[in-house]
Structures are given as structure tokens and as C-alpha cells.
Amino acid sequence: MKSRAAVAFAPGKPLEIVEIDVAPPKKGEVLIKVTHTGVCHTDAFTLSGDDPEGVFPVVLGHEGAGVVVEVGEGVTSVKPGDHVIPLYTAECGECEFCRSGKTNLCVAVRETQGKGLMPDGTTRFSYNGQPLYHYMGCSTFSEYTVVAEVSLAKINPEANHEHVCLLGCGVTTGIGAVHNTAKVQPGDSVAVFGLGAIGLAVVQGARQAKAGRIIAIDTNPKKFELARRFGATDCINPNDYDKPIKDVLLDINKWGIDHTFECIGNVNVMRAALESAHRGWGQSVIIGVAGSGQEISTRPFQLVTGRVWKGSAFGGVKGRSQLPGMVEDAMKGDIDLEPFVTHTMSLDEINDAFDLMHEGKSIRTVIRY
């Protein structure tokens with residue numbers, strides 16, 4: 001079938017809006033019509049050429065919502081007409097990782113997904129007879145996309161796709177990191193480095209967890225109003241100080257902050273976040289994705305004296321079994337999604353959405369098909 005899509009033909013180049021061919025779903029696969037998709041920093045990271053798994057030409061996009069059109073052989077968990085959110089972190093329930101109960105990092109389709117391919121090692125997309133790669137198992141920058149059954153969360157059909165599509169990545173990643181990775185407790189102190197969608201979601205999650213002091217940190221003070229709305233008690237611009245941000249936080253509590261979250265992908269900030277964590281028990285959670293080849297460092301004494309350095313992917317959330325409940329929470333108002341959507345655009349305007357993001361003028365732009 002034909003589908004309009006925003007295709008990245010080469011790194012560092014604007015996306016091109018073209019009509020592509022989408023093949024029917026094969027065994028264990030599902031064809032969906034995407035209704036809405038967010039434009040995320042991870043899409044921009046891959047488009048920049050810095051992503052070690054980046055392959056081109058590719059249909060980007062991984063933060064979407066849509067409706068099932070057709071199912072392949074053996075698919076039982078969804079049917080045509082079901083409303084779904086594609087998942088870049090699958091949940092098969094059968095691999096060693098799923099069975100462990102310790103992680104959400106399912107490996108059922110990981111090997112092929114990282115190569116831009118479907119589980120059978122081929123692609124369902126083509127343009128002028130030439131194959132196009134998939135992206136993170138989702139490719140939501142196409143009006144129609146094919147996704148593995150294990151990479152789909154079935155959601156309430158009454159949910160507002162313009163809002164809940166954000167649960168496909170950014171908001172879930174931030175809120176989940178608070179509850180699942182850090183396990184923030186009532187009264188704990190929290191510092192959030194970077195107030196994009198993920199960082200703001202961490203702030204909201206910290207408020208849900210009844211954290212005592214929630215410190216929001218960004219060099220763009222325009223982000224502070226929304227951070228306060230989501231629950232920040234303090235907003236700090238590092239540019240307002242003539243000393244490292246670590247020292248600013250240690251002035252707040254000389255022993256450090258109970259939980260720090262790095263939501264940028266800057267290895268220097270990752271170190272500052274760790275070294276701002278509380279001596280004896282502080283945790284620092286890395287959420288931001290650093291560029292290819294970059295490494296983190298600190299003095300071992302930081303860890304010897306009780307700090308813990310952790311990472312979080314998709315907030316530790318198991319997509320098929322847990323994400324539908326988060327959609328219900330959003331519908332009840334327990335998760336506030338609307339403020340994240342600062343702009344809505346058509347697919348033809350998608351390059352403008354990337355520009356807004358790079359200029360710091362948007363939190364999330366949602367593309368409506």
C-alpha cells in the first residue's frame with residue numbers, strides 16, 4: 001500500500017516528505033495507521049549521524065499512537081480497529097530478560113531492530129523500489145507502519161492520541177525512572193538536570209512520589225514556568241552562578257541530593273549529577289543518551305562513599321503490560337500530558353518541528369496525520 005512518510009535519506013539532511021510503499025504484515029506483525037507522533041530528541045540524535053546504530057535511508061519516529069489496520073499470521077493480542085502505542089522496548093514475556101522480572105529490556109527483537117529491520121531480517125518499507133530501514137521498531141513518521149506484535153501496547157480507545165502518544169517515549173521514560181529505577185520515597189530530595197520532555201516528566205514523577213524538594217536545572221529559564229507547574233520547588237540556571245552546579249547543589253545540602261537525574265546526554269553533566277548525589281546513599285540516574293564513543297568518568301571515591309550510578313531505559317516500564325495502565329492514569333488526570341504538547345503540526349511541517357526543538361522553543365511538537 002502507499003503511505004506518506006517523512007524519510008531521512010542521509011544524516012544531517014532535512015527529512016523529505018514522499019510517498020512510500022508499505023508491504024503487508026508478515027507472521028507476528030501488525031500494520032497500523034499512525035494518527036499522531038511526537039518529535040523526540042532521539043530522532044534528532046539519529047538524524048545527526050551521531051547514533052552508532054543509525055542507518056539510512058530510514059523512516060524515523062518512535063513516539064506515536066494509532067489504530068490497527070491488519071494483522072499478520074499468528075497475531076492474537078490485537079485485532080483491526082484496536083488502538084495502540086508502538087513500543088521501541090518490546091515485551092515478549094518469554095526471553096530471559098522478560099522472565100527474570102528484573103528488567104524491561106526484552107531482547108526478542110533487539111538484534112534486528114538495531115539494524116533497522118523487522119524480526120525476519122527484512123524491511124516492509126520501500127521507495128522507488130529501494131528498501132527503506134525501520135527505526136526503533138516503530139517508524140511513526142509514516143502514516144502507515146508495520147510493527148512486531150511484541151512491540152505494541154493495546155490502549156483504551158477513548159484515549160486522546162494527541163496526548164498519549166507521548167507515553168510512547170518521553171513522558172514514560174521520565175516518570176518511570178522516578179518510580180521504577182530510583183524508587184523515590186516521600187520526603188526525598190530530587191535534582192533534575194535538563195528540562196526537556198523527559199526532565200519535566202521526572203519533575204512530575206517526583207511530585208507523584210511526594211518528594212520533598214524538587215530542584216529543576218536548565219540553562220533556558222523559559223522552561224521554569226512549566227517545571228513549577230509540574231511540581232518543582234526550586235529552579236536553577238547554572239549560568240547565574242560563577243561556580244560549578246555541583247557546588248550550587250552542595251550549598252543546598254552539604255552532603256548532597258538524595259536522587260539526581262541526568263536528562264540531557266552530556267557526559268560532563270552526568271559526572272556533575274553523580275557528584276551532587278548524597279554521600280552514603282545518593283543515587284544518580286542517567287537517562288540522557290550520549291553521542292557515539294563518549295565515556296563517563298569520576299573518582300572511584302565517589303562510589304566508595306556510597307553513591308550509586310544507575311541508568312534507565314523507557315523508565316523501566318514494561319510496555320505491553322504496564323503502559324495501558326499509564327494511559328488510564330493520564331485519562332484520569334493523574335498524569336498531566338497536555339502541557340508537554342507545545343505545538344501541533346502536519347507531516348509537511350515536520351522539519352519545522354525539528355527546528356523548534358533545536359532552538360529550545362518547544363517541549364514536544366506532535367505531528368497529526
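Cβ atoms are placed via backbone N, Cα and C, with glycine included.
What Swiss-Prot says about this one:
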- Cys40, His62, Cys169: Zn(2+) 1 binding site (BINDING)
- Cys92, Cys95, Cys98, Cys106: Zn(2+) 2 binding site (BINDING)
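Taking the features listed in Swiss-Prot, we show where each one sits on the structure.
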{"residue": "Cys40", "record": "Zn(2+) 1 binding site", "DSSP class": "coil"}
{"residue": "His62", "record": "Zn(2+) 1 binding site", "DSSP class": "coil"}
{"residue": "Cys92", "record": "Zn(2+) 2 binding site", "DSSP class": "coil"}
{"residue": "Cys98", "record": "Zn(2+) 2 binding site", "DSSP class": "helix"}
{"residue": "Cys106", "record": "Zn(2+) 2 binding site", "DSSP class": "coil"}
{"residue": "Cys169", "record": "Zn(2+) 1 binding site", "DSSP class": "coil"}
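Annotated pair Cys106 (Zn(2+) 2 binding site) and Cys169 (Zn(2+) 1 binding site), C-alpha to C-alpha distance, rounded: 16 Å. When the neighbouring Cβ atoms lying within 10 Å are counted for each of the binding-site residues (Cys40, Cys95, Cys98, Cys106, Cys169), the highest count belongs to Cys169. Cβ atoms within 8 Å of the centroid of the Cβ atoms of Cys92, Cys95, Cys98, Cys106 (the Zn(2+) 2 site) belong to the same-chain residues Ala90, Glu91, Gly93, Glu94, Glu96, Phe97, Arg99, Val107, Ala108, Val150, site residues excluded. Sorting the binding-site residues His62, Cys92 by the number of other Cβ atoms within 10 Å puts His62 first. Straight-line distance linking the Cα atoms of Cys169 (Zn(2+) 1 binding site) and Cys92 (Zn(2+) 2 binding site), rounded to a whole number, equals 18 Å. Shown in sequence order, Gly38, Thr42, Asp43, Gly61, Glu63, Tyr88, Met136, Cys138, Gly168, Gly170 are the same-chain residues outside Cys40, His62, Cys169 whose Cβ sits within 8 Å of the Cβ centre of the Zn(2+) 1 site. Taking the Cα atom of each, Cys92 (Zn(2+) 2 binding site) and His62 (Zn(2+) 1 binding site) are about 18 angstrom apart.
Counting only the Cα atoms, the space from Cys98 (Zn(2+) 2 binding site) to Cys40 (Zn(2+) 1 binding site) is about 26 angstrom.
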